[in-house]
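Here the structure comes first, spelled out in structure tokens, and everything after it is commentary.
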Amino acid sequence: MTNIRKSHPLTKIINNSFIDLPTPSNISAWWNFGSLLGICLILQILTGLFLAMHYTSDTTTAFSSVTHICRDVNYGWIIRYMHANGASMFFICLFLHVGRGLYYGSYMFPETWNIGIILLFTVMATAFMGYVLPWGQMSFWGATVITNLLSAIPYIGTNLVEWIWGGFSVDKATLTRFFAFHFILPFIISALAAVHLLFLHETGSNNPSGIPSNSDKIPFHPYYTIKDILGALLLTLTLMILVLFSPDLLGDPDNYTPANPLNTPPHIKPEWYFLFAYAILRSIPNKLGGVLALISSILILAIIPLLHTSKQRSMMFRPLSQCLFWLLVADLLTLTWIGGQPVEYPYIAIGQLASILYFTILLILMPMTSIIENNLLKW
């Protein structure tokens, strides 16, 4: 009798995806982040579900319902902080996952890469709307500032913003719809993640060398299941240290003040994981220009496969490209720092230089360096 694991329609899918999947024998710890993102997503859906049982999406009670969760609900505080800091872990894993893709040339699988970009946008939208829900000062003003950016769109901008708000300002209608979207989007993300995996399994995984590994594959289980479990344990450890020792480390103190439309906080800034994009937005004095630069900073990932001029897929054996890659990482860290600083000298100038450098590295320096490396190979 055939093993039910390989014959039953449901278990066959699981078997071919997570058990008997032929996997390159040399993939490193950088390949762990896909599974870690899956774990983060499950954690966020579960903690979010329990939070939604006690949360009320009304402007008069939203802030106090979050306080109620932390004070009165059994273990409500840990659920709330696991959800808030789980989002930070999610983005850390996301950035490392995308960075891995850039470094090792995983973008040469166009379908997988493009679905990944859509996933990135969807997760960013979900996180933004989630940040609005506690209805603190930074929630309210963050929502006001970011949604207002759409008014930069010619002709329809103002109408579009008021349509999203459901009125003439961020109010009850806005909060209710943001809660509805924040609830539904993670399930859309789950579906997209399944499609992401589907396309990945059409081609098989890339590996650090960037060389086809069809001649040297090993089963996913037990080799990579045990490796993923180790990654999951380290992720859980990091998250729980954050939650139990310094849960507010990555949050904003202003969000412990209830939303007040009559009082603007001195420095409006988003959560840390959006600061790099926020710095790029602020570095351009023109509103529409800033919005276009903001969108381009993420959408630029979509044209990375077109800019690949190297004869090698991975950066493993390309030292000049490696230097540029780490310069890009340093530049993004600089942008993250600048995004959290007030709009004054010298931060404005540093932000503008870092923004120019970001686009220059990706659009000009990396393709040119690859051509130089190709010529060096001829020597």
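Every residue gets a Cβ built from N, Cα and C, even glycine.
For reference, Swiss-Prot has these:
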type     : residues      : note
TRANSMEM : 33-53         : transmembrane segment
TRANSMEM : 77-98         : transmembrane segment
BINDING  : His83, His182 : heme b b562 binding site
BINDING  : His97, His196 : heme b b566 binding site
TRANSMEM : 113-133       : transmembrane segment
TRANSMEM : 178-198       : transmembrane segment
BINDING  : His201        : ubiquinone binding site
TRANSMEM : 226-246       : transmembrane segment
TRANSMEM : 288-308       : transmembrane segment
TRANSMEM : 320-340       : transmembrane segment
TRANSMEM : 347-367       : transmembrane segment
Length of the line joining the Cα atoms of His182 (heme b b562 binding site) and His196 (heme b b566 binding site), in Å: 21
Alpha-carbon spacing, His97 (heme b b566 binding site) to His201 (ubiquinone binding site), which is rounded to whole Å: 17
Segment-segment contact (the transmembrane segment (288-308); the transmembrane segment (33-53)) at 3 or more Cβ pairs under 8 Å: no
Maximum Cβ pairs under 8 Å to the transmembrane segment (178-198) - stretch from the list 33-53, 226-246, 320-340: 33-53
Among His97, His182, His196, His201 [binding-site residues], residue with fewest other Cβ within 10 Å: His201
Residues of the parent chain within Cβ reach of the transmembrane segment (33-53), under 8 Å, 6 or more residues beyond its termini: 69, 79-80, 82-83, 86-87, 89-90, 93-94, 96-97, 100, 182-183, 186-187, 189-190, 193, 228, 231-232, 235
Neighbour tally for His83 (heme b b562 binding site), based on other Cβ positions within 10 Å of its Cβ: 21
Between His201 (ubiquinone binding site) and His83 (heme b b562 binding site): CA-CA distance (Å): 30
